[in-house]
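Participant: The feature Fe cation binding site is assigned by TrEMBL to A:35, A:62, A:106. For A:137, A:139, A:172, A:175, the entry in TrEMBL reads [2Fe-2S] cluster binding site. Per TrEMBL, the feature domain 'NIF system FeS cluster assembly NifU N-terminal' maps to A:4-124. Taken from TrEMBL, the feature domain 'BFD-like [2Fe-2S]-binding' covers A:135-184. Per TrEMBL, the feature domain 'NIF system FeS cluster assembly NifU C-terminal' maps to A:219-283.
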């Protein structure tokens, strides 16, 4: 069974704003019946102020799809359409204290339902360019279609390059065989044979305009941003060093040795990768691990 | 809260008597059965007894036809790879679209290596077309591998008849009987089945022990080479405690075969009838007249299986589903898709699999809970009104692919 947060379970067992909405003037139907998740989002928008006065949903889907739908309606009620459109899928996941990687698409579906409903209210046609393939990398929720497209667009030839561009394969490595198979297939289209010994092209994936100082400052900002959240739980984090793609941090107080430590670090790693546009590994420093070992 | 376990096709509880039988083999009976001294000899005798207990359950002609392995998957791989290695000139395999991943994933892998895989299709009730099968048998085929009973629907395939046809055509026949062993009489001695896979944890023995039945005289190439264990057909020091446990479990399964096919069947039928009487737009999948006595697979239309399981779990009821979400894949169960079950029903399939420990009170409770759970989720479904499905459901809700 999935490792759902208490918030996900709570929203699944007692969903908010479920059912048809009387007088809805914006409706978005998105999802894929073949994948087993689909959602209808209904909005009641005040034409004067464009404030979402009420929202409700109907969902055909799993526990996290229902919880994501419920969370979405709670988040957007009272917001103007423009404010609501700024809600990202990560916001929905954060509202639920996170979703398992395989389930992140539920939050994506919520965001897309919102876009579709707003487009419907405004009399626009919303079309979706998002194509989903079989999930290859379960650690970072990267699917086959994205990997194929990225290989083609950037002429990638090695697993390491695929990891740098898409994050796929950057954690547990269980999908490296799958990534190799995709590389073999895509490279064959251009008559190239996959060479497992090839060295990755020296590509700087991080935006070129960022120098080392800017990059470290950016990393510091991300770390600073998560501190208040950790401090609330009587913990803290500090940046120790940055060595290439590895960011060393020190987990302090309640965070050190916390059972959720790896979850916290994964979250920070994810945020850093999004912020810097490159693969980053967050490693707790030895000092932290030592305290942990002695604490136990 | 009392918990109700109805997921016995996934795994079973180890019978307390089975645990009792195996425990001494972790402690005082620690010898290596290959050793000459008394420590080893006693364990060797225990393995001999276990082999005969399994032989009796399978209805095999000889105890030496029983090879102990680590699991059903190992038995499947051993059988198919052995047939390919023993007959390198034969490059084709016949199987079905609804096999367990232990067969399907292996065949997919072999396909990449250049073997030709014929996958027999099934109809809406999960039945094979034997004419299609007859047409594929040839001297190019190394092995036929067809499951005895499907793990999701319980539907039987006519493996004995298919083995006769293969035998006549000079083709080896293997069956993955992991779900059937212990539930129905097999009488392998009277069949033309060459190889059969079984797994301990499906019949109240522990996990980590499997069986490959290998008909005497069949050509064979071992998967694991090394010592002379299992007469050189499966090297590696025997998992003696688990083998003894499987022997005990086999004897008990044989003794309760009658119960399985009367009482367990009656409870299963009661469960289905009780649920379907209260829940509309739900149906039994597979071939209801020709299936395992313990399995009920019910499709609940317009709702999704993982959500059903989560709510059932809240009531202490454990079952499983063919929905994509429970397996982490994008597609619902390949078995449901192969039978042409529409997506709106395939994602909502729930498998209840009983055992000889299932009680009448448990079934009554499930019959009481399931309709509530289904109603609760249908209230959230875009395909459902207050009273029933919306008119023309596929038209009324046609989401944009996201």
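Cβ coordinates come from backbone N, Cα and C, glycine included.
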Participant: Within 10 Å of residue A:139 ([2Fe-2S] cluster binding site) (Cα-Cα), which of the binding-site residues A:35, A:62, A:106?
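Facilitator: Correct set: empty; none qualify.
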Participant: Cβ under 8 Å from chain B: which of the binding-site residues A:35, A:62, A:106, A:175 qualify?
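Facilitator: Sorted by position along the sequence, the hits are A:35, A:62.
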Participant: Starting from the Cβ centroid of A:137, A:139, A:172, A:175, which together make up the recorded [2Fe-2S] cluster site, report each further residue of the same chain whose Cβ lies within 8 Å of that point, ordered by sequence.
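Facilitator: Going along the sequence, the neighbours appear as A:136, A:138, A:140, A:142, A:168, A:169, A:170, A:171, A:173, A:174.
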Participant: Provide the three-state DSSP residue tally for the domain 'NIF system FeS cluster assembly NifU C-terminal' (A:219-283): helix first, then strand, then coil.
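Facilitator: Counts, helix then strand then coil: 30 helix, 20 strand, 15 coil.
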Participant: Take the Cβ of residue A:62 (Fe cation binding site) and count every other Cβ within 10 Å, whichever protein chain it belongs to.
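Facilitator: By my count, 28.
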Participant: Quick one: Cα separation, residue A:172 ([2Fe-2S] cluster binding site) versus residue A:35 (Fe cation binding site), in Å?
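Facilitator: The separation of the Cα atoms works out to 25 Å.
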Participant: Indicate the candidate from A:106, A:137, A:139, A:172, A:175 with the smallest number of other Cβ atoms within 10 Å of its Cβ, considering only these binding-site residues.
Facilitator: A:172
Participant: Where DSSP helix means H, G or I and strand means E or B, what are the helix, strand and coil counts for the domain 'BFD-like [2Fe-2S]-binding' (A:135-184)?
Facilitator: 28 helix, 5 strand, 17 coil
Participant: Between residue A:62 (Fe cation binding site) and residue A:175 ([2Fe-2S] cluster binding site), what C-alpha distance do you get in Å?
Facilitator: 25
Participant: Taking only the Cα atoms, work out how far residue A:35 (Fe cation binding site) lies from residue A:137 ([2Fe-2S] cluster binding site), in Å, as a whole number.
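Facilitator: With the alpha carbons as reference points, the distance is 17 Å.
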Participant: On the DSSP side of things, how many residues of the domain 'NIF system FeS cluster assembly NifU N-terminal' (A:4-124) fall into helix, strand and coil, could you say?
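Facilitator: Summed over the domain 'NIF system FeS cluster assembly NifU N-terminal' (A:4-124), the classes give 55 helix, 28 strand, 38 coil.
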